[in-house]
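What follows is a structure written as structure tokens; I'll ask about it next.
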Amino acid sequence: MDRQKSMEKGLLRKSLSIRERKFPNEDLFLETGLSRKSPRDITKKSPRDITKKSPRDIIKKSQNDDGECRVTATVFLSTFVAVSGSFCTGCGAGFSSGAQSGITKDLSLSVAEYSMFGSILTLGGLIGAVFSGKVADVLGRKRTMLFCEAFCLTGWLAVALAQDALWLDCGRLLLGIGVGLFSYVIPIYIAEIAPKHVRGSFVFANQLMQNCGIALFFIIGNFIPWRWLAIVGFVPCVLHVFCLFFIPESPRWLAKKGRDKECRSALQRLRGPDVDISREASTIRDTIELSELDGETRMAELFQRRYAYPLLIGVGLMFLQQLSGSSGVTYYASSLFQKGGFPSAIGTSVIATIMVPKAMLGTIIVDKLGRRTLLMSSCAAMGLSALLLSVSYGFQSFGILPDLTPILTCIGVLGHIVSFAMGMGGLPWIIMAEIFPMNVKVSAGTLVTVTNWLFGWVITYTFNFMLQWNASGMFFIFSMVSTFSIVFIYFLVPETKGRSLEEIQALLSNFVQ
């Protein structure tokens, strides 16, 4: 780890020195991947004399900013309110497992019909993800969360009152649209308000609260009817709407929109009334002005060399996260237990009991161990768990050690869900919120989120069919994907622990150069 940090610092110093020798009068190359502009172009683009501000000045200012290191009650409250939306997301994800037997019996649904119902949440998430970046940019982070809840509230009511598969699917689709919007805006909002030394833990709380929602529905889904379960999912959405009125908007979004007075007010509220926020406010303003020299980047312009590295990291992590089978295992945990001969009520209750403490542990250690270590550990545990499930179902198909199959199934499902919750579940969203500069955050964030939900839908829709076709082969493929994920993370994903957003983007930009 020390060797990696020294290499990164050396790379940054070398790139800056080369830049100074090649362009001695143009120390204006933004860490966010801007193309070189002439002084005339810069003057046209910005009325301020920003040629006096270099990326190195901005990074130095960010490193020396002591006021940003304070964690106030407002930051805690704002983070808690934001991740309450993730609790709603977890309720939606856990609903399909706990309600499966009740819905299929009451509404006489086939395997294909219930697979559509379970997977349509991710299809809705895909629709929400397509518009997530633009909606969050136009409405702001706070109002986007309110917008999300409009879909979630309507969706839960439709599911609770459904009399046939059509109403079930419509409600689940609306819920998915809200969840898809949440998946982008919540980590972005937290990353933009949290101090850098706790940013990882605070964004990881997104995964923690999602696990809390899943755990709640795994437990109570064994005891209450599915319609009442939908009403339970409706209640936290109402509370979330009420609490959103008491948190500030993201200062970085306000600065991007030119609302400097409101930006400073929100920043003062977040950092505390006795803290001098002028240095941090100036850093945010300078960074955004430099990032806007190229204007807002459209989706077609995103596929350029200067954005290739962060885009590869963001899209690659989301792609591998879903192809590890995580969504399918979570959505249909009860089916996996039943197929392995283990009581599903006991299995889901055990998962619910363990996954929340494990996610809490991840929240605590993410800013101590770092992103890379936790990601690779999570992938290794997921790969071993998937391999164990492959062996378990393989033994079952050949009639070998029938008494051992239920135990192996329980350990495999439990290990897969818990290890996913500790790292691979939340960390890709943290990294997504950190690596993209403001001028590409809308287009890049949308693409990354769409990738996640698209492959999530593919996995959740085909999961039950593959489970019936060849469960052992399916989980062997998932274990190979997790193994490849370790290689991908080791060679391509940088450590972002303890760095400001400006420093992270400088590192990535200089890597490409």
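Note: Cβ is positioned from N, Cα and C throughout, glycine not excepted.
For 37-57, the entry in TrEMBL reads region 'Disordered'. Sequence annotations record features per position, and here TrEMBL assigns compositional bias 'Basic and acidic residues' to 38-57. The transmembrane segment feature in TrEMBL is assigned to 71-95, 115-133, 145-167, 173-190, 202-220, 226-247, 307-324, 344-366, 373-394, 406-430, 442-463, 475-493. Per TrEMBL, the feature domain 'Major facilitator superfamily (MFS) profile' maps to 78-497.
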Mind pulling out the one from 71-95, 115-133, 373-394, 406-430, 442-463 with the most Cβ pairs under 8 angstroms to the transmembrane segment (475-493)?
373-394
Looking at 173-190, 373-394, 442-463, which one has the highest count of Cβ pairs under 8 angstroms to the transmembrane segment (145-167)?
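Stretch with the highest Cβ contact count: 173-190.
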Other than its close neighbours in sequence, what residues sit by the transmembrane segment (406-430), given a CB gap under 8 Å and a spacing of at least six beyond its ends?
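Result: 183, 187, 191, 199-200, 203-204, 206-208, 210-211, 314, 317-318, 321, 324-326, 329-330, 333, 336-337, 339-342, 347, 350-351, 354-355, 358-359, 361-362, 366, 371, 374-375, 377-379, 381-382, 384-386, 388-389, 391-393, 395, 452, 475, 485, 496.
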When you check the transmembrane segment (115-133) against the transmembrane segment (344-366), do you get at least 3 Cβ pairs under 8 Å, counting only pairs 6 or more apart in sequence?
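Stretch pair does not touch.
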Hey, which bits of the same chain come close to the transmembrane segment (226-247), Cβ under 8 Å, at least six residues off its ends?
74, 77-78, 81-82, 84-85, 87-88, 91-92, 95, 98-99, 102-103, 106, 142, 145-146, 149, 152-153, 156-157, 159-161, 171, 213, 216-217, 220
With pairs closer than 6 in sequence left out, are the transmembrane segment (202-220) and the transmembrane segment (344-366) joined by 3 or more CB pairs under 8 Å?
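In this chain the transmembrane segment (344-366) contacts the transmembrane segment (202-220) - 3 or more Cβ pairs sit under 8 Å.
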Mean pLDDT across the domain 'Major facilitator superfamily (MFS) profile' (78-497), rounded to an integer, is what?
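Residues in the domain 'Major facilitator superfamily (MFS) profile' (78-497) carry a mean pLDDT of 87 in this prediction.
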Residue list, the transmembrane segment (173-190) vs rest of chain: Cβ under 8 Å, 6 or more residues beyond ends.
79, 82-83, 85-86, 88-89, 92, 120-129, 131-133, 135-136, 141-142, 144-145, 147-152, 154-156, 158-159, 199, 202-203, 205-206, 250, 429-430, 432-433, 441, 445-446, 449, 452-453
For the transmembrane segment (442-463), could you work out the same-chain residues 6 or more beyond its ends whose Cβ comes under 8 Å from its Cβ atoms?
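Sequence-distant neighbours of the transmembrane segment (442-463): 115-116, 118-119, 121-123, 125-126, 128-134, 136-137, 180, 183-184, 188, 296-299, 301-302, 307, 310-311, 314-315, 318-319, 321-323, 325-328, 331-332, 428, 432-433, 436, 474.
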